[in-house]
Structure formats: C-alpha cells, structure tokens
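Okay, so here's the structure we're looking at.
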Amino acid sequence: MGEIMKFYDREKELNYLKTYCQLEPNSILFVYGPKSSGKSTVMRRVIKELENSNIVFFYYNLRKYATPTRDEFLRVFFEKSDKKYLLNKLELNLGVCKFGIEENFDFNNLCLNDVFAKINESINAVVEEGKKPVLIIDELQKLKNIYFNGGKSLLNELFNLFVSLTKMEHLCHVICLTSDTLFIDEIYRNSTLKNASEYYLIDWLRKGTIRNILKEEGFSEEEINYALDYLSLPYEISQLINNKKLGLSVEQTIKQWINVEKDGLKYLIDTTDLDEEGLYNVLSKFKDKIKISYDKEVKKEEMKYLKFLIENEILFYDVINGIIKPTSIIEWHAIKEIINAMQ
C-alpha cells in the first residue's frame, strides 16, 4: 500500500501537529481517537516531514508491549552510551532518538529521581545544541501499572515531570497518543494536569476523503456509494482495495466485516457476568443514531455497561466533546443487527 494512499487528506491533522511541534512548549498534548483511526500513522508522518528541521524527536512506541514491566520501561526508554541521546535502533527508518545513560549505570538500583534526572539531562543536551526536543509516547497508558520503590506510580510522577518540562520550563513538547478513552477520562479529571494539557482528536476519515481514494483506485460510482455507508477507518480502505483485487465484491467484503464484529460482540455479551439486559439496553441507544450525548442520554446505573463496552473497544467515548459512539461505522452496523435480532 503506497505511502501517499494512507495519508490521503490527513492534511488538517498533519498541519496541526507539525505546527504544534514548532511552537513554544506550553502544555502536554494528548492525541486520542477511536482504535485504528490512524493516530500513529499521522504522527510518524509528522516526524518524517520534519526530519530536516531543528527538532530532535524522542519517540517511544509501547503498543508492542502487553503490559511492560519496570525493567522493560527502562530498556525501552534508555540506551547505554557515552552520549546524552542517540538514535533509537528500534525505529531506524524514522530517525528518532532515545535517552542515553552511562555504561556503568545499574538499572536494578534505579529510583525514579534518577530516571527523571537522566531524562532532564538528555533534553537539556538537545536544547544546549540549539535544537528543539519533542517527546512522543505512543500508547502511554501501558505504563499505568508500573511502580518504583516506595510504591510511587511511574505514570503519576511522569505527569509531574511533563508539566515541568512543558508548562513551567518550556523546554520540550510532550505528545502522548492513546486510543484508551477511559484513560483520557482519568487524565481529564486529574488535578495535576488541569491547566497543563490539551487534547486533539484524530477521528474517522471524512466521507469526501474516502470517496476520493476509492475513485482514484478505480471503484465504480455504485461501489463507492455503497461503501460510503460503511467505511470509516484507514485500514478498511486498504483491505477493501486488496479484496477487490482478489475478486471479492465490495458488498461481500463489508458483509463479512459486519459478521465478524457481530459474532465478536455476541461472544463478549455471552461470556461476561454483566447483566445481558442491561448491556442490550445500552446498545439499543444506537438503534437509530450513531452517537449519543453522555450528559443527556446516560443514566448512572448504565455506566458500568458503557464502561465495559468502551473497555472492549465496541464503543468510543469522546470525553472532550461528551459523546459516545461505536468505534467504527462497521461496528455500528453490527450493533444494529444484534439489536434487531433481539426484537
């Protein structure tokens, strides 16, 4: 799949993030959005497009780790070297850096203050060279359950460090990517971060964009009009294109996708201890509309069902705009089919 295709018309997002990286650091930026909406892809593109600028990117991708341990965190973030920062070997094609740490440094007896001192040293080394450091952490919520000696939560302490690096000292941008919206909810309500964070939504692809891509890929007007009622995520487009090459009709592909999501959702409901009726009641809010307002349409007793559906990535909760919707339009159709089958 060509580079150009993936980025078809993410201009608005690209421009926002590129500009953001070039402004003076003043807050932590949380980039959030439904699963697979293309957050990492856009971010990597930003890094690529700014590779000849005076920005040094520290980019850490935690999606590869189920639940990283303390040691994994240290090995991911630091590299033994006589330099204060060096190229990240895990991301060679991106040309991003990681923090350097002395050869004789003992990872086992590291306290959080040492960790933060090292991060500070690396960032200051970049600034002293007249360059701008930008720290990007993809799937930051994976660090949630890491504790250092004295039971200190790594994530909470990191937030304090990030506030200091951005809002207080204006040294370094910190950009955190996540599709875990309950995590964004926690952050949104976290007092440390109250006036120190901003949020940016990377949502479904716009319909006009999808139409242009499919047109360019040689789909007929009829196929495009059919597909537009169902597509919302970048990877769906590339799969649809591949399936067409393999001889599957647009309709067949989309029906298959809906069935897969429907079976997955049914299995989820059948295997949970939560009350089935409660779950179906919440799902039936989406029978005739694709999004609901958290304020106006959610009762307290429905919260546990909603939380369960959000945790399992059936629903997406846009905390900042106060709306809840399925994670994709395909998921919405799966929900509607399940609701209709119940009646």
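From the backbone N, Cα and C atoms, a Cβ is placed for every residue, glycine too.
DSSP gives Ser36 (ATP binding site) a coil state; it is part of no helix or strand. For Ser36 (ATP binding site), the Cβ neighbour count at a 10 Å cut-off comes to 18, with all displayed protein chains included. Annotated ATP binding site per Swiss-Prot: Gly33, Pro34, Lys35, Ser36, Ser37, Gly38, Lys39, Ser40, in sequence order.
When the binding-site residues Ser37, Ser40 are scored by other C-beta atoms within 10 Å, Ser37 scores highest. Once Cβ contacts within 10 Å are tallied over all protein chains shown, the binding-site residues Lys35, Lys39 are led by Lys39.
Report note: the ATP site is defined by Gly33, Pro34, Lys35, Ser36, Ser37, Gly38, Lys39, Ser40, and the residues of the same chain whose CB lies within 8 Å of the CB centroid of those residues, excluding them, are Ser179, Ile202, Leu233.
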